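Participant: The feature domain 'Purple acid phosphatase N-terminal' is assigned by TrEMBL to 63-177. Residues or ranges marked as domain 'Calcineurin-like phosphoesterase' in TrEMBL: 189-402. The feature domain 'Purple acid phosphatase C-terminal' is assigned by TrEMBL to 472-518. Feature annotation from TrEMBL assigns domain 'Orn/Lys/Arg decarboxylases family 1 pyridoxal-P attachment site' to 597-893. Residues or ranges marked as domain 'Orn/Lys/Arg decarboxylase C-terminal' by TrEMBL: 999-1058. Under the heading signal peptide, TrEMBL lists 1-20.
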Amino acid sequence: MCRGSFLPPLLLLAAALVAAAEPASTLSGPARPVTVPLGERGHAVDLPDTDPRVQRRVTGWAPEQVAVALSADPTSAWVSWITGDFQMGAAVQPLDPTTVASVVRYGLAADSLLHEASSGESLVYSQLYPFEGLQNYTSGIIHHVRLRGLDPGTKYYYQCGDPAIPDATSGVHAFRTMPAVGPRSYPERIAVVGDLGLTYNTTSTVEHMVRNQPDLILLLGDVCYANLYLTNGTGTDCYSCDFAKSTPIHETYQPRWDYWGRYMEPVTSTIPMMVVEGNHEIEEQIHNRTFAAYSSRFAFPSEESGSSSPFYYSFDAGGIHFVMLASYADYSRSGEQFRWLERDLAKVDRSVTPWLIAGWHAPWYTTYKAHYREADCMRVEMEELLYSHGVDVVFTGHVHAYERSNRVFNYTLDPCGPVHISVGDGGNREKMATGHADDAGGCPDPASTPDPFMGGVLCAANFTAGPAAGRFCWDRQPEYSAYRESSFGHGVLEVKNDTHALWRWHRNQDRYNAVGDEVYIVREPHKCLRPGNNKLTRLSSSPRLASSPLVTLVVSQESHRHRVVVQCGNSVSAPRISETQASPAESSSVIQSDTSPLVHALQSTASQDVSCFHFPGHNRGKAAPSSLSKLIGPGAFLHDLPELPELDDLFSPNGVILDAQKRASELFGSSKTWFLVNGTTCGIQASVMATCSPGDYLIVPRNCHISVISALVLSGAIPKYIIPEYNSGWDIAGGITPLQVEEAVKELEEDGKRVGGVLVTSPTYHGVCSNVQGIVSVCHPRGIPVIVDEAHGAHFRFHDSLPSTATEQGADLAVQSTHKVLCSLTQSSMLHMTGDLVSVDKVSQCLQVLQSSSPSYLLLSSLDAARDHLSKNTNIFDDPLAMALETKDQLTTVPGISVLDLPCFASDFPAIDPLRITLSASDLQLSGYEADDILYEGHQIVSELVGTRSVTFAVNLGTRAQDVEKLVQSAKHLSEKCFLANSSKLMKEHRVCDPLDMISVHLTPREAFFTKKRRVRIEDSLGEICGELICPYPPGIPVLIPGEVVTHDSLSYLMNVRHQGITISGAVDAELNSISVCDL
């Protein structure tokens, strides 16, 4: 035995004991799941209002409920307090906030408060219920004052109140600012608690927490549980069980907020506390107002962190950047919260703040039955973004138990995913969650999991791989769950340096210094962060396990990386990820650097040298039909690819499609944009289906496109037609007016009918624009969404001389044919959304129902390319507009030729598309069809639209100067040829009846569609109920709609167009010798 290698047995035992006591580390990989058996769960009974700790201990205007909150950085902080007492009663009179000044005096010693701050706000909020017998509430005056110019890591003494009023200032309190922002300084201890409430268990939690001497407290929602009470002060552990059926609104007892603030003042006045909202803060009241107490009582660094909402914000504390998010505000990718989060994360410098910690209320990775997968929609929307920026830890509450996860992403063990820690066990009176979703019989019905206040949409589906494949729940504790226990308590995070943090969870039933769960959370930036851009990089050292329980969603929301449609030569249960393929986050960083991400991804994928065993059968052009390949070239087949992982998924976009759609949204000025591969038709159908339920009324112009009629059949909505102004001399219908819409709405309201939406065609095929802004002003005050069929107006946003777009005028949904005047491929369109009257999720669901499950990436990439082309060429419409205007001017001088313009209509329509040229040769005794034949056969002029008395030409980005010159010369030749030849002739009197006038509706389009039919000769159809859509095409405006009575005018019009050989769409008999009628 070598000298120096011997250790006495006692020392060996001591060393072994020390080693055994060392906390586990995430460096060791995923921990084996642990479930602690149920034990003592404390005393979850609320403190009564007679408890001295919740009673008002001040008089007059003296401050109470004093609290400190952080600003965005350590040089600033907020001090809040309340002066005056609350009022409860049927009639309450709010206090005047200007009665008392808001002043904070502060300094470095209790007897030397040399600085003074008064910038901030004072307010009063009320909780009002418009129901007899319910008590209303109005608060004392709430003050928020911001202190600036503070030194980091410094203890400050302060006194708040109004020094000008005797006995109106508080005692002297003290708090410590956070350490300076930087990678070498951190708060010593950060306490984390959720669902605190005001029970005897709460007091135990708070006492334990204070003993641990935290520098900062994070409260993750569900504060005082005032909404478990009626306004008379009667409380319950379960409001929905005891009160919901007997109360007209979910009541609250607002004094519980004051009780909570008084009890917490010794803590909140000395330790900064940062709060996020929970579901118990919703608190509905009059005018559907919510979150009044939450948003009024707490100070938030929203403005300082670039947020416009108290529900989400960020702040720095030493080397930690905290992001506090909202589970009960819009978290969709098109919403402001998501956009703010993108901006905030993009500014984070991990060399300055190495740690990135997020917090919100509803957990994504809970295995308890209570709230199981309730927040999956939020996870789907935000997880990819947080993962790509390398969030280290996520804190949540909501579930009344404690649970810590292994590092996880998309329900998969992932060494670069965050650790999720749920601490919703602060002590509230709803008691403890004890059952697990993986217990026998514990798996909830999936339909019961969505929360209406989180959107009410089911985003979770069965797992697609691993031990839980094919099931909604695991049959044992999932591998991503490291530790769970049903006990009340709190947690403490001690960040040691830029890579190591110690997490400890303290149970209320233990001694003050005891630890229930602990682990070192270790960052691995060398593995998970790419230097320089702070984004997550490839996980080459951590291949995904085939047993990982990946998720494919029924609703179109899930990461493209985990929904692999194609499996080439691989029979394992888990999706394939190619070793040569960049990780999703890596791909994302490449995409962001390219201006047309979808085009770039398609090009990159097509250039791979791979052996393909996927569809389509031409196999990237190897088996392309030679005749078509010669016509369009092999490149089209090479890029005709299916939904490969790197190309994203149209119905659950998380990669290049999402990126491309967001860029389109920004360019077209919408809050959300969808790419469409079934044309504007499917966008119209989805818009109607998303706004109208069966039996709802859709107000719509009678000259709507046939897609609207099919939407009525699909949705079961009932049309309320508005007859547009009709110019019989041109045989052209114009737009509709706000007055017509208002009259239609009032008529339906008087009849007790529900209006699901208003649909406007603007511009029409001929370019006539309606006053969308005026129509919106009629509809929005009534909560009625406005849909605009803007198929012919996709270009309006791109020149000052063009009319305003529908979204600029406030329309909720606008569907545009990007392939018309713009330059994408035929059949590709976009659907744009603004505002929040229409559900984003509902639109997405409808589009998934209506669009092909095998979308063409050539069409999708053409939309991306068109958007990119427009963004790079800001003056792109200068030349087309100049050519169109000059052409119109020249055509008006040609004898016998007339040009359609606004004076042709009596209504005050705001604009007509200058790029749409509609001319008439009626003065030359020529119908529109005859004039078109001459122009085509004699001059090779191809028009866009032909009518009985007009021909329409669309000037676009590809129109050349020689093209418009040729059109003018051809019109002149037409005039010269026909003016003299026909001047002595009288034009045949084909009286053009207004086919849209005097319509008679007997059945709804849906009823007529499904009614038994019989065929009759068209001459014998007068008075019958039409059973099919009869529509001259173009323009695609129905003359007869299923359910309408065949009138003399409509029959005469159809006989006339049949005589002129116009193509008829929708009718089974295209020659229109017979029509289908309803056999009633």
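Placed from the backbone N, Cα and C atoms, the Cβ positions cover glycine too.
Automatic, uncurated: that is what TrEMBL annotation is.
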Participant: Summarise the model's confidence over the domain 'Orn/Lys/Arg decarboxylases family 1 pyridoxal-P attachment site' (597-893) as a mean pLDDT value.
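Facilitator: A mean pLDDT of 92 is what the predicted model shows over the domain 'Orn/Lys/Arg decarboxylases family 1 pyridoxal-P attachment site' (597-893).
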Participant: Per DSSP, what is the residue count of the domain 'Purple acid phosphatase C-terminal' (472-518) in each of helix, strand and coil?
Facilitator: 0 helix, 22 strand, 25 coil
Participant: For the domain 'Orn/Lys/Arg decarboxylase C-terminal' (999-1058), how many residues does DSSP put in helix, in strand and in coil?
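Facilitator: Counting residues by DSSP class gives 19 helix, 14 strand, 27 coil.
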Participant: What are the DSSP helix/strand/coil residue counts across the domain 'Purple acid phosphatase N-terminal' (63-177)?
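Facilitator: Its residues divide into 3 helix, 55 strand, 57 coil.
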